[in-house]
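> Quick one: the structure is below, and I'll ask about it shortly.
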C-alpha cells in the first residue's frame with residue numbers, strides 16, 4: 001500500500017530570537033507540480049520547539065497519507081525521531097540520563113503524524129546552499145517579529 005501513496009518532498013526550519021524568545025517556523029512542500037509554503041510563529045518559544053513545530057505543521061497540512069521525503073537541518077529532530085524516540089517510549093518518556101524528555105507533547109504529536117505517513121527522514125546542513133532549506137530558513141526567520 002505504501003508504494004501507492006502520492007509523494008511529497010518537505011523542507012522545514014525553525015528559528016528563534018533568543019532561546020527562549022520569539023520564534024518562527026517555515027516549511028516548503030513540493031508536490032508533483034506544485035510548491036506550497038506554510039509558516040507561523042510563537043511569541044515565547046525555543047529553537048528546538050520551532051524545529052519540531054515546522055515538521056508537525058507540514059505533516060498536519062497533508063490530509064491523506066503520503067510517501068514523504070522530509071529534510072530538516074535539525075539534528076535534534078532527525079535523531080529524535082529516527083534514533084531516540086523508540087528508547088524514550090520504552091523508558092517511559094525518559095532520556096538515557098533518566099530525565100523527562102523535553103517537548104514531550106510535540107514529540108507525541110510528531111510520532112502520531114509520522115506513523116500516519118510513510119516518512120523518510122534526511123538531515124541537510126544549514127546554510128550550505130540548499131535552495132529549499134534556505135527558503136524554509138527565510139520563511140522561519142520572517143515569522144519571528146510577527
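All residue numbers here begin at 1 and follow the chain in the order shown.
Keep in mind that glycine also has a Cβ here, set from the backbone N, Cα and C atoms.
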> Swiss-Prot records 13, 51 as Mg(2+) 1-binding residues. Which of 73, 79, 111 is assigned to the same site?
73
> How does the domain 'RNase H type-1' (4-145) divide up by DSSP, counting helix, then strand, then coil residues?
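The composition, in the requested order, is 58 helix, 47 strand, 37 coil.
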> In sequence order, which same-chain residues at least six apart have a C-beta under 8 angstroms from residue 51 (Mg(2+) 1 binding site)?
12, 13, 14, 25, 72, 74, 76, 77
